[in-house]
Structure formats: C-alpha cells, structure tokens
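The active site, proton donor annotation in Swiss-Prot covers HIS58, and the record cites sequence analysis as its basis. Per Swiss-Prot, the feature ATP binding site maps to 51-58, 166-169, ALA195, 203-206. Positions annotated as beta-alanine binding site by Swiss-Prot, on the basis of sequence analysis: GLN82. Taken from Swiss-Prot, the feature (R)-pantoate binding site applies to GLN82, GLN172.
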Amino acid sequence: MLVRDRAELRAALVALDRAASSHPPAAAQDAGPARAASRHDRPVRAVVMTMGALHEGHASLLRAARARADQVVATIFVNPLQFGAGEDLDRYPRTLAADLAVCAREGVDVVFAPAVIHDPPPLVRFGAGPLGAVLEGASRPGHFDGMLTLVGTMLHLVQPDLAFFGRKDAQQLVCIRRMVADLAFDVTVIGVETAREPDGLARSSRNVYLTAEQRTEALALSRALAAGAAASADGAPAVLAAARAVLDAADGVDVDYLELAGPEDLGPVRGGPALLLVAARVGTTRLIDNVSLILPTDTQGA
C-alpha cells in the first residue's frame with residue numbers, strides 16, 4: 001500500500017492494526033522480547049527508512065524486517081536536511097516505480113513516500129553533537145543533524161517496535177542508536193550487515209554514478225578494508241598500514257579518510273572491537289565503506 005502524506009499513513013497503520021485484531025499475527029509468535037514490548041499488545045511493527053533507488057542492500061533490510069515483524073513499513077524520502085551545499089540532492093536517483101516493485105516483492109505492508117516532510121524547514125532539529133563532527137561529519141557539516149531530524153520524525157510518525165538500518169553507514173547507525181538511547185525512543189534499532197556485490201563492492205544507490213572504469217577503481221575500498229582486517233592480529237598500526245598500501249596503489253581513488261574508531265562512540269580504540277572506516281571519491285562520486293574487526297587488547301589504537 002502506497003501512502004503519500006501523514007494522514008494517509010495514520011489511516012494505513014490503523015487499518016493494519018484492525019486487520020490484525022481479527023487474525024493471529026504470524027511473526028509475533030517468535031518475536032521474543034520485541035513482542036513483549038509491542039505497544040498495547042498490537043502486532044510487532046518494523047520500519048526500514050530509505051531514500052529510494054532501492055537495491056539488494058535495501059532488499060536485505062526489508063527481508064530482515066519481514067522475518068522479525070508482523071507489519072513492515074518502508075519509507076522513501078530524499079531528505080534535503082542531510083544534503084549540504086554542492087552535494088547531489090538534485091541528481092540523487094529517484095525511481096519510485098521500481099522501488100515499489102522491490103517493496104512488493106519483499107512483502108512490505110505500507111510504503112510511505114511523501115513529497116515533503118518538513119514544510120517549512122524545521123526551526124528545531126535533532127543534533128548529533130560530537131558524534132556528528134568526525135569522519136563523515138568533518139566533510140559534511142550538518143549532515144547527521146539533518147539525518148537524525150528525519151529519522152526522529154519518521155520514528156514518531158510510524159511508531160515502530162523495530163527499526164532496521166544497514167551497517168555500511170556505520171556512523172549513521174552509531175548516531176541513531178545514541179539518539180534512541182539518550183532521548184528514550186521506544187524502539188529497538190537493529191543493524192544489518194553490509195550487502196556487497198560478488199566482487200566485494202558495497203552496494204550503494206550512488207554506485208549508478210560510476211562509469212565501468214570507475215566501478216573497477218572503486219573496488220580498492222573493499223580491498224583495503226579486507227587487507228586491514230587481515231592484519232588485525234598485529235595491531236592498529238598494521239591495520240592502517242595494510243589498508244593504506246592498497247589505497248595508495250589504486251588509480252582514481254581520492255581518499256578522504258581512513259580511520260579506526262570505536263564501534264559504540266567512534267572514539268579512539270586501544271584494543272578489542274573496532275571499526276575500520278574509509279571514505280573516498282572515485283570520479284565525482286563519494287563512497288564510504290567499513291569493516292568490523294578485533295584488535296589485540298594490548299595494542300594502542302591510532
């Protein structure tokens with residue numbers, strides 16, 4: 001079911017709950033704690049938030065939601081609040097008909113695809129604080145504030161029990177989890193592993209911008225991460241050196257950052273779980289990727 005504004009969304013969600021009241025919910029039988037936390041004992045509702053141009057990565061999020069919830073809501077909205085000056089807001093791919101086909105294939109109950117969310121733009125916004133000032137935030141000031149404002153609004157409108165986000169956008173996931181914890185949102189945030197092409201390239205809606213040659217060059221990102229992960233037993237300096245060697249040898253890759261960070265707060269790591277994150281431009285397209293790894297506990301982080 002496609003809905004285009006807040007009133008239609010409210011009506012669709014009410015209709016879902018009414019329909020469920022006369023039929024035993026299927027997924028709730030094994031939903032565990034999520035079912036117990038479900039509002040007013042209604043069926044478990046999940047949301048997957050997207051900007052459209054859906055690909056297999058989004059489909060994996062929808063499948064994960066479908067497996068855990070009785071009701072699945074997908075949102076499709078290109079959020080202007082998270083685009084800065086000179087970024088690709090105007091040319092970001094918009095493929096609603098194809099997106100609806102993906103949602104139908106994956107069993108989505110409601111697709112919320114509004115033309116606008118905030119009109120006029122909100123005076124009061126969520127802020128990512130220090131989490132939004134590093135890594136992506138250093139290159140894209142205000143990006144995470146705009147993202148959190150939209151995510152917070154969607155959580156309020158959809159009222160989900162579960163919210164699914166991809167681990168490829170690691171900093172986004174960290175910020176969302178912190179917002180949910182700090183502001184007491186009644187929702188469980190679930191990260192889903194990065195979907196990759198057979199050759200290792202992380203799936204992204206922006207991959208459509210790449211020429212055939214640039215797509216080959218972009219493989220340096222995932223190869224660098226793999227090299228870094230393979231060196232993790234030797235400590236943080238070895239991880240960064242191995243990954244940097246791959247990037248330095250690559251043609252057509254302009255690296256923005258390559259860093260190790262803590263998976264909970266993006267701070268320096270001294271050992272244990274860590275994220276190795278990379279951002280680079282290939283041609284005019286900015287790509288990000290990351291990998292989780294474990295550092296020796298006696299090794300000082302970078």
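Cβ coordinates are placed from backbone N, Cα and C, and glycine is handled just like the others.
Here the CA atom of GLN82 (beta-alanine binding site) lies 11 Å from the CA atom of MET51 (ATP binding site).
Cα distances from ALA195 (ATP binding site) to the recorded positions HIS58, GLN82, GLN172 are smallest for HIS58. Distances between the Cα of GLN82 (beta-alanine binding site) and those of the recorded positions LEU54, GLY57, HIS58, GLN172, SER205 are shortest for GLN172. DSSP gives the residue listed as 'beta-alanine binding site' a helix state. A C-beta separation below 8 Å, combined with a sequence spacing of at least six in one chain, links GLN172 ((R)-pantoate binding site) to PHE144, MET147, PHE165. The CA atom of SER205 (ATP binding site) is located 9 Å away from the CA atom of the residue listed as 'active site, proton donor'. Cβ packing within 10 Å was compared across the binding-site residues GLN82, SER205, and the lowest neighbour count falls to SER205.
ARG167 (ATP binding site) sits 11 Å from HIS58 (active site, proton donor), taking the Cα positions as reference.
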